[in-house]
Each structure stands twice: as C-alpha cells, then as structure tokens.
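J.: In case it helps, TrEMBL gives these features for our protein:
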ACT_SITE  D266  active site
ACT_SITE  D628  active site
BINDING   K408, D432  Mn(2+) binding site
COMPBIAS  98-109  compositional bias 'Basic residues'
COMPBIAS  117-128  compositional bias 'Polar residues'
REGION    96-128  region 'Disordered'
TRANSMEM  706-727  transmembrane segment
TRANSMEM  739-757  transmembrane segment
TRANSMEM  777-797  transmembrane segment
TRANSMEM  818-839  transmembrane segment
TRANSMEM  859-877  transmembrane segment
TRANSMEM  889-907  transmembrane segment
Amino acid sequence: MMESGIPICKTCGEQVGLNSKGEVFVACNECNYPICQHCLDYEIKEDPLMHVFMKSECGHETGVHARNTSTVSTIDSEYMDDSGNPIWKNRVESWKDKKNKKSKAPKKDKKAEIVPSEQQMDDQPQSVDTSQALSRVIPIPKSQLTAYRAVIIMRLIILALFFQYRVTHPVDSAFGLWLTSVICEIWFAFSWVLDQFPKWCPINRETFIDRLYEREGEPSELAAVDFFVSTVDPLKEPPLITANTVLSILAVDYPVDKVSCYVSDDGAAMLTFESLVETADFARKWVPFCKKFAIEPRAPEFYFSQKIDYLKDKIQPSFVKERRAMKRDYEEYKVRINALVAKAQKTPDEGWIMADGTSWPGNNSRDHPGMIQVFLGNTGAHDTDGNELPRLVYVSREKRPGYQHHKKAGAENALIRVSAVLTNAPYILNLDCDHYVNNSKAIREAMCFFMDPQVGRDVCYVQFPQRFDGIDKSDRYANRNTVFFDVNMKGLDGIQGPVYVGTGCVFNRQALYGYGPSNLPTLPAKSSSSSCCCCCRKKPAKEKDFAETYHYDEHERSMLISQMSFEKTFGLSSVFIESTLLENGGVADSANPSTLIREAIHVIGCGYEEKTAWGKEIGWIYGSVTEDILTGFKMQCRGWRSIYCMPLRPAFKGSAPINLSDRLHQVLRWALGSVEIFLSRHCPLWYGFGAGRLMWLQRLAYINTIVYPFTSLPLVAYCTLPAICLVTGKFIIPTLSNLASVLFLGLFISIILTSVIELRWSGVSIEALWRNEQFWVIGGVSAHLFAVFQGFLKMLAGVDTNFTVTAKAADDGEFADLYVFKWTTVLIPPTTILIMNLVGVVAGFSDALNSGYESWGPLFGKVFFAFWVILHLYPFLKGLMGRQNRTPTIVVLWSVLLASVFSLIWVKIDPFVSTSDASAAAASCISIDC
C-alpha cells in the first residue's frame, strides 16, 4: 500500500522512496525535483560529466556527472523500437528490473562501492587483463631531452641578440635591401618558434598486443571496427589498387565478425562495382591462404612483388605448392580486372548496362540515386575452407544537381551513417584507396590504446604514420615526409596527441558524433551559485521551435523536445539516432536486414544533411580541402587527446606522386586547405579559447599548420636578395665586427646542434633532414605561393582558380614516373629565382675580376648567400632537366623573359644609388665628348 505524502518519480512513475534516515528522498535541496534514488543512480552512469551539486544536511557536496555533449541535448529521444514501443519506456522497465535486483542484493561495504565516474558504464566489455597495462610511454632519454631543450633555449637567446644587432646596425647604402631582409628573418624566426616548441616533449610508445584478453573457443571480446575506403574515379585511381586495399582489410588478423569494410564510390562507376564483385570472389581464396600461412603484407600485388626469400620461416610443406597456385589465381584475377578497365575506357552512348539487362543507376555521376550492395558477411559467401568472411559493403551516396556534396568529407560522413545503421562498430578506421594494410595486427595495436582502462577514456583517434612504396632511394622531393612523421608527430604525442593526417587513423565513433570525453573536467559555471542544474535541463534558445509541445505533460514534452534536438543535430532517422546513444556500438539481433538497408539508403540521401550539424560540429568537418586537419582540431578542442602509434612493422603503406609537377600540386592542395582554415571561423588563432581544453603548445602546432603557406612571401623575397646584391654590388649586412661574427657563428652552431640532437632522439637520417630542408624552399617559392593567392581569391572574392597539369613525356624503366614532366604555372617562380641567382653569381665574379683584389672579400658573403639558394633548389633543377637533361621550352622562355625584364627594370630604376651619386654619374655622362 502506498504511503501518502511521498511524491512520484518523474522518470519511472514510482514513489521516490525514503533515505537512510527514514525521510523522503530529495535529490536536490534547491529545486526538489522528484526523482528516486535508483533513477538518479542510472542518470549518474549515463551522464558522467554534467555537474550537479546536491547539498545534503551534513554539508557535503556530491558531484554527479553526465555525459558531455557538444551540440546535443542528453535527454533520451522518443523514437520507437522494432516492436513499436517508445525506447524510453523500455528504458524505464530496465530501471525497474535493476531496482528489484538491487533491493534483493546484499549491501556491500561503502568503500567498495566507490567507483570512478569514468568507469560507470553499462555493459562495458572487459576485454583486457586489467592487472596489466596494454601500452606504455617510453620517454626520450633525459640526457638527450635536457640537451635538446637547452639548445633550443640557447638558440632563442642567440636569435634575440642577433635581431638586436640587425635592427641597430642598418645598411644605409642599401636600406631597402636591409629592411626587406630583416622583415624576412623575423618571420622565419617566428615560423621556427611555431615549429620547434611543439616538439618540446617528444615521446615513444610501446604496445602489448599479447595482453589483449582472448580465449580459444570463446567469443572474442575485442571491439568491432568499421573500415572506410574512399575512391572517386577508377580511371585515375586504378581498381586493382583499390582491390588490393580491400583484400588486405578482409584478411586482417582480427575476428571476422568484428570487421566490416565499406567502400565509398563517390563517382558511381560501374567499373568500381564490377571490380568489387571480382574482389569478393577472389577473397574467398585469398583470405584463408593469408591466415593459414600468416603472410605479410596481405595485399597480393605487394606480397608477390617482394624481392625476399618467401620460404623463410615457412615450415609447412604445402606452402610452396599453395603459394604457386595462389599466384596463378591472382594473375587470372588481374587479367579479369584489367579487362574491365579496358572495357571502361569508352562509355557506350546508351550508358552502361548491368548483367541483368537494366541500366546502371550511376550512368550520370552527378545525378543518381543512392546505392548499397552487401557482398560478404553474415549473409554472404564463405571462404573455400567454409569459414565466415568479414562484411564487404559497396556504397555510393545519392547525388542530385543543386546540392552541396562536400567531396571526400561528405563521402566519409555518408559512410559514418551507413555503417552506424548496418553494423555500428564503436571504432572506425579510414584509409585512402591506395593505402593497404601492411601489418595485419595494426588494429590490435590501436586497440591496445582504446581498450586500455587508463589511456582509452579520452582518446578520440589513434594515428599511424604514413609510409610509402615506389619512392626513389634518394627521395628527391621528400615524399616520405620523414621529418614530419618521425619528429613533429612524436613531439605532439607528448602534448595532446598528433594531428589527423587523413588516412591510417582509427577513430572513436563517439568522438565523431561531437561528444566529449567521459573524464572531461567541468568548465566554470557562468551563472550564480544559487542556480540549480541537476534535474532541470537547459531550455532551448528558441522556445518558439517547441511551441507545439506545450499541450503535453512535462515528461512527454521533455522527451519530444529531446527528439527534436537530436533530429536537428543528426538528421531525420530514428534508427541512426538510436545508434549514436550506444557507446559500445552494435545492432539489435532482432533488426530486420531489409529494413536496415532501406534506412541506410535513406541516410545517404543528398538532402539528409540539410539543417543538421553534419560537417559543422559532427563527423568530418566541411570548409577546407584539408578536412583532416580541421576534423582533428575540432575534436581536440572538445578535450579529446590522440595517440601516435608506430609499430616496428609499418601499419599501412601507400603510393605517393614522385614526379615534380604532381608533388608540387599535392603540396599546393595541402597549403590551400591551410589558407582556407586560416580564413574561416575555425582558425586556431581564435577558435576554442573559451573552452580552454586545447593545450597551448598544441595550439601552437595547429597555428603552424595554417600559417606556414604565408612563409612563401618572405621566402621568395629572401631568395631573390642574393641575385640583387650580386648585380648591384650592395649587401644586406654591414661590415662585421667581432661581436657580430660571434653572433653569426653562434647562430649557425645552434642550428646545427638542434638538428643533430633531433636526429639522435628521432632516428631520422641526415639525408632525410636535408631533403626536407630542400623541399621546404622548393615548395615555399612555388606551391605555397600560389596557394596563398588562390586561397584569398577563393575565400574573399569567390574566384576558384585551377592550375592545370598536362603530361608531356615519360620514360620507361624503374622509377620512370620520377622523370615525367607536366607543365604547370607553379614551376615558373622557382625557375625564375634559380636563373636570377645563377646570373647574379656570374655577374658578381665578373665585377670582382674587373674591380681588383679588394672586392673579393665582400663577394664571398654574397656568393655564399646565392649558393645557399641554388643548393636548396638543386632537386628542382634536376626535375626540370629530366633524365636526358631536357627542359620544356615554355619553362625556359617564361623564366628567361621574367628574369630579363626584372634585370632591365632594375638597371633603369637603380633605387639603391643615392641622389648625389646619381647626379655625379649623370654629370660625368654629359661631360663625355662623343
């Protein structure tokens, strides 16, 4: 029989009950919101980050935390389950069941009941041995780190003294040159600070994949992973390369029921679809072969092309026979794929026709419906040994004229929604179509961080370094980016984690949904202490949006408002919204596959993202061609951290453009993205300061990623100064005193020492460091310069400028693509600078020979300055000359023309000659008797 006077819980409908003192239970003494103890405990578990201070009679404060959501209300939405019942009603029933179980359970010691709020999650899979850590940090040896920091500080002090000398000792005879050089040097010093100080705390990491808890014969408790592979044009991205990436994913060393591979075909090409049909069939043979003999890598093209002893460590007598048979099968598979490619070279007038005689829906790549096809998985074919294969899904999102599709970022967001509906793995790994899995245990490496109870709570993604095949041994154009991946990224890993680089990255799905980490510290409250937020949710800013809910009772109204809030954020799909609330992922066993496919088609509609937070606050962020930097930046601004994982065997390998023109255009695209971010609201110079969750050294690193293209402006000016000095006889530095000589010597020594110590703790070679320095100059005076102007034209004037690339010639043989030359306007500025400095050196020596012995001293500094420029541009010169030392006429013509015009204008103006000298020269010319 109910006791009178006891209020009813607004959540479960039962009485709130009594506390330990026999009094009516009160959750909050300020608002007296009626909620029972068990429902409150459930809310604490569900919402670990929203502070609620309940003042008890004894004066203690109990901190109740709720899940932090960046843009989403945390009240459950009222959508239906498969039985047609509202989800919140099912949740109430579960609360009642838990309440009954708790009332029957014996009371435990209070100390044993105290559990950190970060660990209070329902149904959290305990797939690790909690007595042992799954990873550890290996700090840089203290002797190296201390010396490294001391040299950085010393270099900073020397720079300050150097600039004090440079500013206080102007060159009056060449004031313009001196001022230009000082401004450039100050910018270079600022750029160095942005690049150097984020490397203040470099670390290494080690994983223990053998400690991942698995038992033979029992279901694996490893977390599921959804793989994303993106492709657009199969004629530019060969289907065979994409197929090798897919095959390496399907054969990964991970439980098959935990792996799903989603291939996004953003070009809706029938060639990609048909190649996946062939790939799914070949995978039935390839996957069991890989797992039987534990081969590496598991991409057949790269496995069979290895120049190694494949019999090493293979003791099974059947290996040789099966390997030969598998290689023969792969060659036949390649023939079928190449036949499809040859057939696709010319599109029929009536469009492509499928095998069943119907027209291919994607004949118009810009106007077609969404397409999904599941090839393998629970309902698909098994391998030749009768074992289940990982799920393989083909996805082509809907495209219609008049809609913004946002290129790769939009395709990735479509995959997020499709995968959430079909498999909903808690982790996502995205790969470019040309990046295959080189280490079959790479996913286990990432799980060592995500599933580590001490590390994984606040990890939004685990980034692997990019490694490449097919690059020339000398790495002429620094395609490997070794300094960035082995030095800068290790430095960032010691702060708040590495930046996201677009591929080879394992994400926490909840971080992509805009949620914050579970152990996020609470921000200071802006309201007074008398306000209460424990049970009263924050009201929407626009009450008029919810005016139609006023006739509901309070509980139903809060549910409806929450549903509307979720739909405004995630879109109009109750199935997808439900999946976002499942922190540990998964799809209900009772789900109807055909219903899920229809819902998946719905969420990839071209209008699904309209008036939602997709691309603004959740998923891959729109607004820049380098969506990777922007996406990772937004996550870390919410308080997440990232992890840099460098296994001994590279996790993934890809291909990179190795010829000069393609490499410069790749760098141009990256730099253009940085300029777009600089001019957007997400600029790290001002975005995210209010939350205070981004560490200041991490912010410096992000600032460096957006301002580095602007270094091209002072770099171009600085590289032209040697030629000007040699032609005019002027110099940017006055006659050096002893103090000035010491400062210059100290500056050079500090630069060398910084590089040497970086080489020691990072393991980078001297050649890689030098190539990086060379390409910093090459890219700075070409691609970065064009990116700055193109970025301003695009963002401020709305003019989208494209720099076309046209192939000219190619040579056969190994690394033949290295010698391919493609004409592009990006090549003109560095070629002009190179010719100007070469002409300046000749002019300087000619002047010294005519002027006598005393002119050789000043000439040395000018020539050294010019050779510094020429040596840095030497790989560019080799790229222009090609294998047969041939340079396209157009490049030489434009460069000589610009250099000649500049020289003639300079001789005519001669701005560095004083007025008195000019008058004297004019008088002497007049007095000449012709």
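Cβ from N, Cα, C; glycine included.
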J.: If we skip the immediate neighbours and take only residues 6+ beyond the ends of the transmembrane segment (859-877), which ones have a Cβ under 8 Å from one of its Cβ atoms?
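T.: Result: 476-477, 660, 719, 721-723, 725-726, 731, 733, 771, 773-778, 781-782, 830-831, 833-834, 837-838, 840-841, 844-845, 847-848.
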J.: So what's near the transmembrane segment (777-797) in sequence-distant terms, Cβ-Cβ under 8 Å and 6+ beyond its ends?
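T.: Result: 477, 664-665, 667-668, 671-672, 674-676, 678-680, 708-713, 715-716, 719, 803, 825-827, 829-830, 833, 869, 872-873, 875-876.
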J.: Near K408 (Mn(2+) binding site), which residues of its own chain have a C-beta under 8 A away, given they sit six or more steps off in sequence?
T.: S230, D266, W620, E627
J.: Whole-number Å distance between the CA of D628 (active site) and the CA of D432 (Mn(2+) binding site)?
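T.: Given the Cα positions, D628 (active site) is 12 Å from D432 (Mn(2+) binding site).
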J.: Report, as numbers and ranges, every residue of the chain located at least six residues beyond the transmembrane segment (739-757) whose Cβ falls under 8 Å of a Cβ in that stretch; write 'none' if there are none.
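T.: Sequence-remote neighbours of the transmembrane segment (739-757) are 144, 147-148, 151-152, 154-155, 158-159, 161-162, 165, 169, 196, 769.
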J.: Just to confirm: which same-chain residues, 6+ apart in sequence, have a Cβ under 8 Å from the Cβ of D432 (Mn(2+) binding site)?
T.: V229, S230, G502, T503, G654
